[in-house]
Amino acid sequence: MTLKEKLNEVIFGYSTPAGRAFDVCLIVAIMLSVLAVMLDSVAGIHQRWQQELAFAEWAFTGLFTLEYLARLYCTQSRRKYLFSFYGLVDLLSIMPTYLALIIPGANTLLIVRVLRVLRVFRILKLMEYSEASRRLISAIVQSGPKIFVFFASLLGTITVFGALMYLIEGPQNGFTSIPRSMYWAVVTMTTVGYGDISPQTPLGQAVASVVMLLGYSVIAVPTGILTNEMAKQRYSKLCNECGRGGHEPDARFCRHCGARM
């Protein structure tokens, strides 16, 4: 086995012991590097541990650069990897550190390093191998029309309540326009409640109470739609012999009578 084949087995071999060990080490390095970026954004920690954090950043950047070059070397298609989503994420996660040395004022780009956390998803292969993820994506696609109708109705409701509050409260109470009043409706309906705009009149407060109560449907309705679709996928497969359900989508034998599905 050549060096290129060995590297490919370690870096891309998710099912091999060496590949799993590599993935675990890489996950730890990614999380530590993101933690260093987060700590570096705290003024007190940055002033006290600036040199240590800078050293850690260069160490992680060097490690990820070697990993990036190794992936380029052993991948079967360099062009495909370079322009893939995760290939671009890998590149963006190391470029800011080097750009900060060349381009004055590029330090603000260092925050892009938090993109490294996205690389964990590639390692875990959540979107490709997780049955739960596939089921969720399928449920979202199947329930798309229902969710679209719900959000269209929600947009209409927000528009109506925004216009209503604009008429009731008016500019003197902060509702200076219908779009700004719609912003208030969104904030209230999602139960965020920033408090920068609030109704002052009794009628406006009554309308706000109705909007707050309607806000619970913002979470409840889409969740119910998705849950229903996922339940259908899980229990829709019926046995041809006994006609009973409760089978996984990939079930080969009936759990009740044992017949082949």
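Backbone N, Cα and C define each Cβ position, glycine as well.
What TrEMBL records for this protein:
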DOMAIN    20-234  domain 'Ion transport'
TRANSMEM  21-43  transmembrane segment
TRANSMEM  55-74  transmembrane segment
TRANSMEM  81-103  transmembrane segment
TRANSMEM  109-127  transmembrane segment
TRANSMEM  147-168  transmembrane segment
TRANSMEM  206-227  transmembrane segment
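Below 8 A, the CB atoms of the transmembrane segment (147-168) and the transmembrane segment (206-227) form 3+ pairs separated by six or more positions in the chain. Looking just at the domain 'Ion transport' (20-234), the mean pLDDT is 83. For the transmembrane segment (55-74), the residues of the chain that approach it from at least six positions outside its boundaries are 4-5, 7-8, 11-12, 26, 29, 32-33, 36-37, 40, 81-82, 87, 90-91, 93-94, 97-98, 113, 116, judged by C-beta separation under 8 angstroms.
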